[in-house]
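*Asks:* As listed in TrEMBL for this protein:
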- 244-396: domain 'DUF418' (DOMAIN)
- 24-46: transmembrane segment (TRANSMEM)
- 66-85: transmembrane segment (TRANSMEM)
- 105-123: transmembrane segment (TRANSMEM)
- 129-145: transmembrane segment (TRANSMEM)
- 152-175: transmembrane segment (TRANSMEM)
- 227-245: transmembrane segment (TRANSMEM)
- 257-276: transmembrane segment (TRANSMEM)
- 288-307: transmembrane segment (TRANSMEM)
- 319-343: transmembrane segment (TRANSMEM)
- 363-384: transmembrane segment (TRANSMEM)
Amino acid sequence: MTGTTAEPTLAPVSKARRILALDVLRGIAILGTLLTNIWIFSGSVVTEVPEVDGFLGSFNRVSGTVLNLFTDGKFIGLLTIMFGIGLEIQRQSAIRRGEPWPGRYPWRALVLILDGLLNYIFIFEFDVLMGYGLTALVVAAVMARSPRAQKIWMYIGLGAHLFFIALSFSGTWLLGKLMPDFADAGERGSDIVEPGRDVFIAPSTTDSYWEMVGDRLSNFLGGRGEIPIMFVMGLGLFLVGAHLYRAGLFLPESVRLRRIVMAVGFGIGIPLDWTLRLTEFGAGYATRYGTSPLVAFGVLAAVAAFYANRDKLGLSGKWLSLVGRMALTCYILQNLIASIIFYDWGFGVAAKIQGQWYTLATLGIYVGISAFLIALSAVWLHYFRRGPVELLWHRGVDAIADAADAAKERRRGRREAAKPVG
């Protein structure tokens, strides 16, 4: 698979200067995604909300609201933006090496789709890798075009995403007005599973690992229903992320650009996001996929600003960057670990922590998993440049691409040999 060498303006990033903020942001996105998703695991056996009074009951309710405001959709939005930035970095690297774009990148996207498929079937039903891989296939081709064409596609993606958000929000708002009892039931159901999300996720059996795998396969289309949403959102966010990187968001001199992005993300995104979450029934889709990515841009610019003139990560930054450098490994591993801990086919912790200690126990396990991922990343990266999944992924991509190139050369040779002489 080859492409053109159409060359949009490159951000003046020195090859010798490593951008510290990038790995930190990836680490924030990965551990933040775990903080959002861990409630799916810990609430997997809940069929009704246990009544908890007193201090711990109040703590559970308040922490649920706070976690929902700060986590839901923000980190998946940041992860989506970072994929777009990573795509632009790879495009620039290919051009500096004199290679065509997208070149071999479609093979990388296809292997990512395969990774996501396996992750969905065998580990976690809310996998995002398949959606990212499909989006990357399209965006990689778009990024081979002129800057003007890329902007057109970016606006198309953002416009389509906003249209679907508005359509969904207006529909659920109207349903809530016409059927108040349905709205009340939805609000009660939003508290059933976990504090970190505002939608009810119907629990499936967790007694048998292979039965869960079978459920995911039999409900494949329904289980992958989020992919169209991720694709439309990703089309715009990938290209916005690439555009911001190209515009120099991470360069020390781009103070004004970072301030603008933070003003939009924090000054507009947070008030809009929190207002919808606290006042409107049925705003879950609009906030998770609409206002939350807006806030994520503010986080992106804030971290970029913090590290713009720094040469050292600091302790917390170092921990986050370790996870960021093994982002794919840590994303898959955190879901596997949480499955083993919480599901009944593993240690069955989810069934044991329901009640007054539910929130504190879940947060404690989150801290433990995060600490393990940081420690594992530190040890592994002491000996290897890439994480284990990243190593397998790169070797797999190279093997597939080499085989495809060899097959192409053989076909070309046969065509040349078949040409009549003279």
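Yeah, the Cβs are placed from backbone N, Cα and C, and that goes for glycine too.
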*Asks:* Spell out yes or no: are there three or more C-beta pairs under 8 angstroms between the transmembrane segment (319-343) and the transmembrane segment (24-46), with each pair 6 or more apart in sequence?
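*Replies:* Touching, yes - the transmembrane segment (319-343) and the transmembrane segment (24-46) meet the threshold of 3 or more Cβ pairs under 8 Å.
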*Asks:* Which sequence-distant residues neighbour the transmembrane segment (257-276)? Criterion: at least 6 residues beyond either end, Cβ under 8 Å.
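*Replies:* Same-chain contacts beyond the flanks: 69, 244, 247-249, 283, 286-287, 291-292, 294-302, 304-305, 308.
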*Asks:* The transmembrane segment (288-307): which same-chain residues, six or more beyond its ends, come within Cβ distance under 8 Å?
*Replies:* 19-21, 24-25, 28, 72-78, 80-82, 161-162, 165, 229, 233, 237, 240-241, 244, 249-250, 255, 257-259, 261-262, 264-266, 268-270, 272-273, 276, 313, 317
*Asks:* What stretch, picked from 66-85, 105-123, 363-384, has the most CB pairs under 8 A with the transmembrane segment (24-46)?
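*Replies:* So the stretch in question is 66-85.
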